[in-house]
């Protein structure tokens, strides 16, 4: 499958399909072992699986460093939450579930292995739920949370009552998972640790392919091979042909395109993007299906919706049912989620943490025809290092860029500040860049930049969103103290290459 050319891995053609899971993967849940303990239960993927098991009647407990909204939702179901990684949760010899975020030295995981307990990787547990029923798996570097949520919402509207395991929070089902009585399971499929290759969907979806996890993949070729295997294991593969890596390297059964790709069975034409909605004609194999209107903005969300259309039609749904459901879809938490408005400034939380995602989000924001203030927290030092130049050039659609220190996600920080170096590099392409050297200072500093009418977009997959409420309060207090006016004077303390390193007490121009 892998050819070596000039000392580098080259991507071979996609192999033939093998859509049935091998016997060694046939390990469904054992009702005679009814207890499960999740190490790191607060994570979005782990909490979704814990929710499904708890709703099925299994006895579930879990541990994590700190409680959050997901653990509190589980506690309301009767799940026992243990703060900290003690051995308390191993009493009674439960089956133990862990994710790739849990290191082998974790005391709970190490003790479970020493005791000979049944231990599941999160992906294997998902596979046990997923591979033995009609399933739809949504994979891709970007857009998989929104696309899987759209498909789930569509099937709910059609009365199919699906089970859903999603990587984001949806108000429609109050969380990141729901247990339905219908036969279909819709799951978001994670490629970050390569575990997508453990799943064998009836319908596999691939939204796009890029390098996003250099902590796991050495290069793009390795990423492509993982997606090739996932596509090979899908009975029917639905994929976006606008992505060159998809169109070139995958054997796609059902393609979709916004750009008129000639091999795409599903196409969006006569596309109109406005500040309120996105609309397009949807064509199926050369015939007009009808008009699609979305509340969620931007070309990336239209592409996500077109994937949902293709899946719905493959399942036999009428286009009118699909279009009605997608017209009602209001998005996923942390995906261009409006957190509130203060003094004419709209505060938005968005999970974008890859250059392509940032570009797509900021393009959608520009449709509002308002000044865009982008606040970005890099996520993982390895990602920032690998994609540094792409990050430096991805903020063109923001009028002001504010960068804060990198969220390491457990990675060791490099010497010096990689986020400050990013700010310096962004300033080579952008006239208005600010750097805040300490995240807790952000609510004290950002209000001095904001103006009535702004869109303040907080971008990142780390803990930046935890500063939004405090920033809104600080901006409200600032408005109460004095009218907000443009500051036209000299900026104190100019730093290298036009970057302002902002202290908490400074009032700066926008």
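For all residues, glycine too, the Cβ spot is worked out from N, Cα and C.
The Cβ of residue 143 (ATP binding site) lies under 8 Å from the Cβ of 207, 208, 300, 303, 304, 307, each on the same chain and at least six residues away in sequence. Summarising the annotation, Swiss-Prot assigns ATP binding site to 140, 141, 142, 143, 144, 145, 146.
Per Swiss-Prot, region 'Disordered' is recorded for 1-25.
Sequence-distant neighbours of residue 142 (ATP binding site) (same chain, 6+ residues apart, CB-CB distance under 8 A): 207, 208, 210, 212, 300, 354, 356, 357, 360. The number of other Cβ atoms within 10 Å of the Cβ belonging to residue 146 (ATP binding site), over all protein chains shown, comes to 30. On its own chain, residue 144 (ATP binding site) has 138, 167, 188, 189, 205, 207 as residues at least 6 apart in sequence with a Cβ closer than 8 Å to its own Cβ. In three-state terms derived from DSSP, residue 141 (ATP binding site) belongs to neither a helical nor a strand segment and is classed as coil.
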